[in-house]
Amino acid sequence: MASKLLMLTIFVFDLIAFGLAIAAERRRSSAKIKQDGEDDYSYCVYDSDIATGFGVGAFLFLMLSQIIIMVASRCFCCGKALRPGGSRACAVLLFIICWVAFFIAEVCLLAGSVRNAYHTKYRRSHLTSDKHLSCETLRKGVFAAGAAFIFFTSILSQFYYVTYAKARGGPMPYGGEAGVGMAAYK
């Protein structure tokens with residue numbers, strides 16, 4: 001039987017990661033073009049950079065959640081073999097899909113955090129250049145995509161652990177006869 005305490009812990013960590021990813025999406029950096037005191041130069045001014053911290057926090061909570069679930073299930077590497085049947089096949093399939101969703105979520109969170117922390121240092125002079133100044137920011141939806149994949153990873157890892165525990169639990173069935181067969185010799 002699957003451990004309810006472990007499943008609750010994983011749920012809480014995934015919920016925290018999801019909340020941090022949503023908060024990061026809502027607090028992405030934005031930039032404004034400002035002019036210096038003499039109006040000869042324009043430059044980019046960025047607001048709060050808290051979304052980077054939220055993104056890194058979501059990254060770490062999701063990673064901790066995945067590590068705990070894989071240690072608890074021994075990541076299919078160690079321990080006794082699973083019972084043959086539908087639960088084992090489902091556990092293997094969910095294991096693979098869970099890792100794919102986890103990888104995509106982590107890439108979105110890490111890339112979003114790095115890109116959100118990047119601030120351009122461009123300056124443009126009104127006298128020498130007539131090019132438009134571009135203040136680069138993170139595009140919408142990167143942290144939201146990470147949050148969506150955190151949600152998928154959470155659901156998949158919970159189902160994976162339940163099917164793994166079902167395939168692992170109980171004694172292995174013995175299909176043969178328990179006694180020694182004796183035949184009459186003539």
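Our numbering is plain: 1 for the first residue shown, then up by one each step along the chain.
Positions of Cβ are set from backbone N, Cα and C atoms, glycine also.
Sequence-remote contacts of a segment are chain residues at least 6 beyond its ends whose Cβ falls under 8 Å from one of its Cβ atoms, and for the signal peptide (1-23) they are 51, 54-55, 57-59, 61-62, 64-65, 68-69, 72, 109, 143-144, 146-147, 150-151, 153-154, 157-158, 161-162, 164-166, 169. Annotation comment: TrEMBL describes 1-23 as signal peptide.
What TrEMBL records for 50-77 (among others) is transmembrane segment.
For the transmembrane segment (89-112), the residues of the chain that approach it from at least six positions outside its boundaries are 21, 24, 51, 55-56, 58-59, 62-63, 66, 76, 82, 138, 142-143, 145-146, 149-150, 152-153, 156-157, 159-160, 163-164, 166-167, judged by C-beta separation under 8 angstroms. As annotated by TrEMBL, transmembrane segment applies to 89-112 (among others).
Residues or ranges marked as transmembrane segment in TrEMBL: 142-162 (among others).
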